[in-house]
Amino acid sequence: MSIQENLNNLIKPHGGKLIKTLKYGAERDECIKEAKSLPKIDISSREFGDLVMMGIGGFSPLNGFMKKEDWFSVCKNFTLADGTFWPIPITMSVSEEEAKKLKRGQKVALKYNKDINDISGTIEIDQVYEMTKKDKEMECKDIFTTTDSDHPGVKKVMEQKPFNVAGKVTTLSEGEFPIKYKGIYMTPEESRLNFAKKGWKTIAALQLRNPMHRSHEFLAKIAVEVCDGVFIHSLVGNLKPGDIPAEVRVKCIDALVDKYFVKKNVLQGGYPLDMRYGGPREALLHATFRQNYGCTHMIIGRDHAGVGDYYGPFDAQKIFDKIPYNADPKKRLLTQPMKIDWTFYCHKCDGMASLRTCPHTKKDRVIVSGTMVRKMLSEGKTLPDHFGRAESLKILADYYQHLDKSKKVTIKLQKFATGDAMK
């Protein structure tokens, strides 16, 4: 089949087509010229990542920041107000002083202070609405299942400014993502074209925010056995303190793919979001935008997108069985979860295994987790061989060896990272 035929056979984007708010070339230049004369609002790192995702079509069918009715429906019903599935609010906040100056129909320039370009985008104001402390707490309880300020996602929401601004956006910058992560950072159009060139139709996405260790490799290879290919898709936006930067993680993946994967069955990519640490809800978001990237399946393992002990080890799998069904395929989530049980290194099996394949006991097993990898390396300890491939472990050891002491944080092991909760 031709590349175009292969493209046509890929899973449809959420909403039926890719909605892209990013401008290019002369049109972008004209928009920037206009934006420089507009009032300006500073946006956060998270908001900038969301703006870029809307720009490249990753958040299709969204074309702007959410109105209050959409925000409320997403929190309570997992859908936009029109019934289209969406699991996490995509909002932009402003101060009370800024809110008083904004009017419906007004256009405002958006700027992220670390953007390498002068203007990040614009928004045409549709609605300005207050977010009281009670509103924010409701969002946190619905999305993160907690209002505990120690939860990094909760902390971000509670620190947001007191008003949200809704409206259609125009994205005028992708920041440094295409330059810093050249060849890795990928738009949905680019991933779809890559899949079509490879002749793939069924694709499993592997979400990564930690260095790729043996459990990740095991998950990816399970997926390759049942799908045409696996898309190793790394977050290249901001993480919490103590997490390993994307450029280091990308090197680890490169080393693994180069020596331990059949190259025609794997593709590495990156996406521009900040991590929300939303556990089950974020797992749904990961599946939603992977549909836009062209993936039919989303690998969901233990404690997907989790942090601390806020979620059960497989809550992120269970939530897929609870989301609303819509008869209209354009309005429902089409990408399916690939649910995988506890994975670990078993000394008696002499390799990676899962509860479905290993008959041995807890004492024979070693849980391989990103948290454990970061904790041991940050404490100057040497990781056992079964935690990762030698090539990637060397990259990680070199990173920690040269890490400024002021950037080191104490890493606590949650119970799922130790395997205590495993049967």
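Glycine residues also receive a Cβ, built from the backbone N, Cα and C atoms like all the rest.
Long-range Cβ contacts of Arg209 (ATP binding site) within its own chain (separation 6+, distance under 8 Å): Ser234, Leu235, Leu239, Asp243, Arg249, Met275, Ala305, Gly370. If you look up Swiss-Prot, you'll see Gln207, Leu208, Arg209, Asn210, Gly301, Arg302, Asp303, His304 marked as ATP binding site, on the strength of similarity to another entry.
The Cβ of Ala305 (sulfate binding site) has 23 other Cβ atoms within 10 Å, all protein chains considered. Residues or ranges marked as sulfate binding site in Swiss-Prot: Gln207, Arg209, Ala305.
Residues annotated as active site in Swiss-Prot, with similarity to another entry given as evidence: Arg209 (among others).
Taken from Swiss-Prot, the feature active site covers Asn210 (among others), and the record attributes it to similarity to another entry. In three-state terms derived from DSSP, Asn210 (ATP binding site) belongs to neither a helical nor a strand segment and is classed as coil.
Under the heading site 'Transition state stabilizer', Swiss-Prot lists His213 (among others). Shown in sequence order, Val368, Ser369, Gly370, Val373, Phe387, Gly388, Ser392 are the residues of the chain, 6+ apart in sequence, with a C-beta less than 8 angstroms from the C-beta of His213 (site 'Transition state stabilizer').
Positions annotated as site 'Transition state stabilizer' by Swiss-Prot, on the basis of similarity to another entry: His216 (among others). Spatially close to His216 (site 'Transition state stabilizer') yet at least six residues away along the chain are Leu206, Leu208, Asn210, judged by Cβ distances under 8 angstroms. DSSP classifies His216 (site 'Transition state stabilizer') as helix under the three-state reduction.
Each of Leu208, Leu235, Met275, Glu282, His286, His304 belongs to the same chain as Gln207, Arg209, Ala305, is absent from that list, and has a C-beta within 8 angstroms of the C-beta centroid marking the sulfate site. Of all the Cβ atoms in the protein chains shown, 24 others lie within 10 Å of the Cβ of Gln207 (ATP binding site).
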